[in-house]
């Protein structure tokens, strides 16, 4: 092989790796490491000129224009030595690949490179491996090759690519700062307290929950299961009433369609997973789409509030690289001149501006009479300009808002859409001769349309489509209607003027007027227009009460949904049947008695508003309806289907109407406040099929591979109403979880005393649902309630072994000073009989199964506020309050320094404490070894925080043992490694959707900052003073007692069994809580990424994971009792006391260690004998069975013979 050809191949690979560095493509992860460098065709590559030493290659012309790439090329020419980097205080860590190159020849290597960018889109390599033809196809690196969650880990300027002189392979080097932020020197500035920073997808209530400390005088006993507990199977929300629904919209971004926009500009600094608006979030059906070049989905104005929501959504999904996401610095300033002042005054000014803008727009619409075509065009132009002006004003309000500012309420948003829908009812006679079909750019594919929010009912999206479609079609109808006869036009324009000039308040006043005249005018649309006016007023969720007939008489399940089995009735004369149905519904309403049932329509509206706030450009189906009707030569009022308004038999049944491919279904949803059915008029079969497919893709399509970029922070500004109940009509429990560490997603009322609860999975994941924390209000005393949490994922739990959940009563805390206590009777944890459990073909049945925790509770107070949780909560705010107290303490602050370790993906501070006795003698400080203790890497394991609190209380106290420990050691305490997960209420993962306790081998600092900096801190401590012990605190959900996991030293005879001395001493000091028999010291392959094993591999013998049970103890005097916060804190103190005994150099303590060592040997020998006996017993049992079978077989043979 010619030398020049080898150099050419090396240059091409260098350029490839340099290009892929922006997508976190380090050398060790690159699949091209498996390929032997071989020459390419001269026409395919541009030969790079080798340097004199052959140690670096120049970039080709494709990246010569990029300044960043030029800088990387210059740094690459500096050589392979790590100490030649020009910046002072920085070092390079060489990441050399250890994979062996596969021998063979490469037939073809094609690099398809976009002319406007240096990003590699597709790489296909054909080569031979073990005399076999192989083909390697590498996908789009920029869209996240390294995993399903990471799209931008290592930035471009953090990789330096050189060429190895010996192997001629490109070597990626990661630049790291020499002065690690983990251990700042000579910095005495205090850490300030920070408000929790939420992902922008999450809604946050303005309420800080503070609980009083409380420990029961007598340990609470474990529950005694009888085995006869009731096991109700999940009924599902379709057979109940959704009384709470909150599911944060995921911030993951979906892979791009193959067709890209021509105006999309890409660069090395862009985030491909979140910059593109159409690709980051599926197109929306909820808002009209204003296309580029003046094209519109439908003629008419785009609602100003919809523009505001879209602008908010664009900000929320963009991956901002700025660390300071401050929305509150600028003062609010509009044309009204509001600037400065308090947040309350600004909020009033904002509301006033919105109200004035709305009145002005309505007044202009009332003044302009659309008699002629020019006047109508002027009216539409004025409305469009006014809408754009409002949108800009609202956008300015959003930019300059304050913390007290709340955007427009759902009532304001839905009233706009409700007004558009009522125009659809007025314009009944349609001529489609001049209907302009939508352009090609409007036909956006729905292939990747997925629901951005888990809606409480599948019919919500279809209902939203129906609303938008009717509004979209009506705008076209209003234009075409102007070409009719003059007499008909005058009558139509008169009714149109009356309807458009009346405001929302006037509509509400007119609704209670002559009902007979409304029934007579149904054919012209006036009656239904008034009905829908009242309906749009009710969509606000009961914020304002309006005097409308039947406001509390019918179930909202019946009003919004209707009966699926009866909503598909076909008819030939649609208009006549609609008149008949309307009159029948009027009569049925007048005859039906008033019924008070819980509301569900506001939950539907809330979810629809959430989808509206997140959706963009999803109303494509509404544009296709006009074209289909034109092609078929039919209108809405000529031929179609209608459905009879029927009454739902069960008040708790929540049926859905589905769009069928086989039937002509009406898409103009005309829902009445008084009726319990749904009036539908049809379109063509093609239109129905299109809508069906899009609805299915919106609700049921498979999610493409999601890629996590980075979550914006601050919490959702647009607050939707998660509580659908109307206090006057709903008398059940009120649920809430939009506070710190809360994770309830949905509450469904099956009966007045039975509720099914659904937990939200860890953010950006679909599993990990075990932790729960929620609030209940409006309780009734001496009434037995049953709660069933129906979507848990662990196959076993301590709930089947006597464990109980915890509760906190607000009135109990005030009257009796009670805090968190155990609660619940008839507790049972069992597997659901779902489809995955009954399917024998699925190999992953166990992984896909869900489990239910059910228990009963009887409240002691009326109208109480009660919190329920899996274990005693300990939030990020609780930790900060505690740390600030230490920092402000006059004595503790002298030997306890609070520092900032790093910031998380959401920008939350990760703190660490350095606790040691100050000394002026540097030699004494160097002799001190360090103790590293961390906690809460898993957000749901709150007992770890209580143990850490007990440890910090003891080590900062004034006892003799604490003083001796501070003089002997340097304590490095990281009390909360995963604050992001704690804040949002995750069970196990961080915002990356990954378990941080499996990422201790990571080199990606930006993705796992707390883990990376903790490991860097440990490495530095090992070099400076040494680490005597490392301990990571956790909690366990399947075992009782407290125990330790360690790492055995089989291959080192000198250290064999030494790692077990400290756990045995801890058992001696806390015999009724800590179990040495439960301790394990094995190293499993699945745990190689944990902190315990990674630190042990760094040379730390005493590397432990301490596990505290969520349940209780089975030892000594505490046998059969629950653990409480005092028990966990006691274990933290016992840890410190045992540490001093373990490291004491007193001869008596040394002799004690020798005795303990012998005792450990005896224990392990006994365990081996017992294990051997068990194996022999099993073999004997199997042998006996075989012997019995042989005896039976022989006896049968004898009898036969």
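Numbering starts at 1 and runs along the chain as displayed.
From the backbone N, Cα and C atoms, a Cβ is placed for every residue, glycine too.
Under the DSSP three-state reduction, residue 1107 (active site, proton donor/acceptor) is assigned to strand. Remark: residue 1107 (active site, proton donor/acceptor) has 1034, 1035, 1036, 1039, 1042, 1043, 1044, 1045 as non-local neighbours, by Cβ distance under 8 Å and separation of at least 6 in sequence. Under the heading active site, proton donor/acceptor, Swiss-Prot lists 1107.
The Cβ of residue 1034 (Zn(2+) binding site) has 21 neighbouring Cβ atoms from other residues within 10 Å, across all protein chains displayed. Per Swiss-Prot, the feature Zn(2+) binding site maps to 938, 941, 1034.
Here Swiss-Prot flags 69-81 (among others) as compositional bias 'Basic and acidic residues'.
Taken from Swiss-Prot, the feature compositional bias 'Acidic residues' applies to 84-94 (among others).
Annotated compositional bias 'Low complexity' per Swiss-Prot: 376-385 (among others), in sequence order.
Taken from Swiss-Prot, the feature compositional bias 'Basic and acidic residues' covers 386-398 (among others).
Taken from Swiss-Prot, the feature compositional bias 'Basic residues' covers 478-491.
The compositional bias 'Acidic residues' annotation in Swiss-Prot covers 506-519 (among others).
What Swiss-Prot lists as compositional bias 'Low complexity' is 639-650 (among others).
The domain 'Peptidase M14' feature in Swiss-Prot is assigned to 872-1143; the stated evidence is sequence analysis. In the predicted model, the domain 'Peptidase M14' (872-1143) has a mean pLDDT of 93.
According to Swiss-Prot, the feature region 'Disordered' maps to 63-113 (among others).
Swiss-Prot lists 255-303 (among others) with the feature region 'Disordered'.
Here Swiss-Prot flags 362-405 (among others) as region 'Disordered'.
The region 'Disordered' annotation in Swiss-Prot covers 474-526 (among others).
Positions annotated as region 'Disordered' by Swiss-Prot: 544-574 (among others).
Under the heading region 'Disordered', Swiss-Prot lists 623-651 (among others).
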Check: same-chain CB within 8 A of Zn(2+) site center, minus 938, 941, 1034: 935, 936, 937, 940, 944, 988, 997, 1033, 1035
Under 8 Å by Cβ from residue 938 (Zn(2+) binding site), counting only residues of that chain that are 6 or more apart: 944, 978, 981, 987, 988, 995, 996, 997, 1034, 1035
